[in-house]
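Input: a single structure, listed below in structure tokens.
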Amino acid sequence: MASSSSSMEGGVENDYTQDGTVDLKGNPVRRSKRGGWKACSFVVVYEVFERMAYYGISTNLVIYLTKKLHQGTVKSSNNVTNWVGTIWMTPILGAYIADAHLGRYWTFVAASAIYLSGMSLLTLAVSLPSLRPPHCTDPDPNNCPKASTLQLGIFFGALYTLAVGTGGTKPNISTIGADQFDDFEPREKAHKLSFFNWWMFSIFFGTLFANTVLVYIQDNVGWSIGYGLPTAGLLVSIVIFLAGTPFYRHRVPGGSPFTRMARVIVAAGRKWKVDVPGDPKQLYELDLAEYAKGGKFRIDSTPTLRFLNKAAVQTGSDDGPWMLCPVTQVEETKQMLRMIPILVATFIPSTMIAQINTLFVKQGTTLHRQIGSFHIPPASLTGFVTLSMLISVVLYDRFLVPLVRKWTKNPRGITLLQRMGIGIVFHIVIMLVASLTERHRLSEARKHGVVESGGQIPLSIFVLLPQFVLMGTADAFLEVAKIEFFYDQAPESMKSLGTSYSTTSLGIGNFISSFLLSTISDVTKRHGHKGWILNNLNASHLDYYYAFFSVLNFLNLGFFLVVIRFYVYKAEVSDSMHVLAEELKENARLREPSSNE
């Protein structure tokens, strides 16, 4: 984009972005007119309300399925995790459409309309008595009338319509926000380093409202209002997002990332016998002008995944797109493939997150929840995950990062992979704490003789608080770093796809949760045993189940430590990070004389 503004003069030329962003008509944009925190404010407001809508549904969904649709522990938990898994998997499709065809803005706008229609239908499904089975007070859902095929079809049809909509909003909204900062301008690059921390901080206000106020309304006032409020909020947020259109910077779709990656893999495979020249300059590459006029970036060849370099070896005049690929295309493919082992290492922590809205909430239903005349909704404890994360993100960004980067000279304080590793360690601790807490809960059930009846245990629900608080702290390390890592390490033309890696992690984690819950429930019931997971949690053994998760997390930590030893961070497309690092070193040098006086 620098070439398109070369006719401008002095400061006017410098005011144009250099990262290829344009307005909706494809014209170059000025930093002073578009982007930055002003544009991000509209994006963040949308996400606050969208989080309120999503968590207003997901947080208490297991309770609705149990109490209103009369489903058992395993079935209701798996229905939640399967739906949440789909929610987090559909962003792959949304990322493809954005990167290959419509662009992030128009993909988001179309998907948000689908999202709103799903929310509206869901509100209707919980509001009309004819769309749910008759009320039942029996504690065993097996003794209650089941929902009809039509009732289930409308309810789950609404849920999965919503899932299709989120597929287009989730991978693009945070990417649109990050696109408002120019990687080539050091000050904006510095703001971008904090963007994901404050992005998570802001959106979890919506999550906190959902986990407290909406959950209370659903349990004590009515599901119609409890679902209607987030639906109205989502409508308002879409209007606010659209109002910010004049301030946004946009990226031009770069073509299908899957096709470009497939071409590299196929070309390398077809030329597997061809030798790669020792000099990377002998590999096929387009002229720099070809990239500059499209607002794209040329990437130099790297020695990692050397086999794929065969795709850029010229063998004759008959080379086509499935036989010969430029070096930049090869390197983009390498960048996406290098992240896959890291992605796999995040599946198990994502499985732990799936327990928050399922088994953690179900545990709360068995405990004493009354303070005076106030009844605490079991799902409201998820609000402590949000509070813990909010506090941890602020402490991390404002205190830990400035402290640590004095020694590391890294603008981020610690690397993204180190931050993710700390989060994975937290997950080991969380499941150990959850296992010990559950063992205590079961001992109290035996002491008060409510094992067989499944009655309420005279033990405060706040005994579960540590596992919720620790989960929020883990999220402040792992989840924030995960989003930033997959965005940051993805090539510039595949940012939406890179962002979808983080949502894919959560999706697969939920599907793994469904698989493990069903499998372990079935296996532990064999040979006349009662089983670990029953509808009556007082007669179950969730303590064994959580202990199993601790072991799983420990093994996953070992796998993570192995894969990060071989990971190579991608080269920066600009020198902004280098400039920031040099500024940190210079500031440290200037402080040294005064500290010795």
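Just so you know, glycine gets a Cβ as well, placed from its N, Cα and C.
Source: prediction; values computed, not measured.
The feature region 'Disordered' is assigned by TrEMBL to 1-24.
According to TrEMBL, the feature transmembrane segment maps to 80-98 (among others).
Among the features that TrEMBL reports, transmembrane segment is placed at 105-128 (among others).
The transmembrane segment annotation in TrEMBL covers 148-165 (among others). Note on the transmembrane segment (148-165): residues 57, 69, 79, 83, 86-87, 90, 111-119, 121-122, 124-126, 131-133 of its chain, located 6 or more positions outside it, place their CB under 8 angstroms from a CB of the stretch.
Per TrEMBL, the feature transmembrane segment maps to 196-217 (among others).
The transmembrane segment annotation in TrEMBL covers 223-243 (among others). Sequence-remote contacts of a segment are chain residues at least 6 beyond its ends whose Cβ falls under 8 Å from one of its Cβ atoms, and for the transmembrane segment (223-243) they are 42-43, 45-50, 52-53, 56-57, 60, 64, 68, 108-109, 112-113, 115-116, 119-120, 122-123, 126-127, 210, 214-215, 217.
Counting residues 6+ beyond its ends, the transmembrane segment (339-356) has Cβ neighbours under 8 Å at 81, 84, 382, 385, 417, 420, 423-424, 427, 430-431, 434, 468, 471, 474-475, 478-479, 482, 485-486, 489-490, 498, 501-502, 504-510, 512-513, 516, 549, 552-553, 556, 559-560, 563-564, 566-567 in the same chain. Feature annotation from TrEMBL assigns transmembrane segment to 339-356 (among others).
The annotation transmembrane segment is assigned in TrEMBL to 376-396 (among others). Tertiary proximity for the transmembrane segment (376-396) is limited to same-chain residues at least six positions away from its ends with a CB under 8 Å from its CB atoms, namely 55, 59-60, 62-63, 197-198, 200-201, 204-205, 207-208, 211-212, 215-216, 218-220, 356-357, 360-365, 369-370, 461, 464-465, 468-473, 475-477, 479-480.
Nonlocal intrachain contacts for the transmembrane segment (416-437), taken as residues 6+ away from its ends with a CB within less than 8 angstroms of a stretch CB, comprise 342, 345-346, 348-349, 352, 355, 360, 463-464, 466-467, 470-471, 473-482, 484-485, 488, 543-544, 546-547, 549-550, 553-554, 556-557, 560-561, 564, 567. Here TrEMBL flags 416-437 (among others) as transmembrane segment.
The transmembrane segment annotation in TrEMBL covers 457-478 (among others).
What TrEMBL records for 499-520 (among others) is transmembrane segment.
For 544-568 (among others), the entry in TrEMBL reads transmembrane segment.
Nonlocal intrachain contacts for the transmembrane segment (544-568), taken as residues 6+ away from its ends with a CB within less than 8 angstroms of a stretch CB, comprise 302, 304, 338, 341-342, 344-345, 347-349, 351-352, 355, 359, 417, 420-421, 424-425, 427-428, 431-432, 434-435, 438, 520, 532-533.
Recorded stretches compared: 80-98, 105-128, 196-217; the one with the most Cβ pairs under 8 Å to the transmembrane segment (499-520) is 80-98. Listed by sequence, the residues of this chain that lie at least six past the ends of the transmembrane segment (80-98) yet keep a Cβ under 8 A from its Cβ atoms are 54, 58, 61-62, 65, 104, 107-108, 111, 156, 159-160, 162-164, 166-172, 175, 253, 256-258, 354, 357-358, 496-497, 499-500, 503-511, 513-514, 517.
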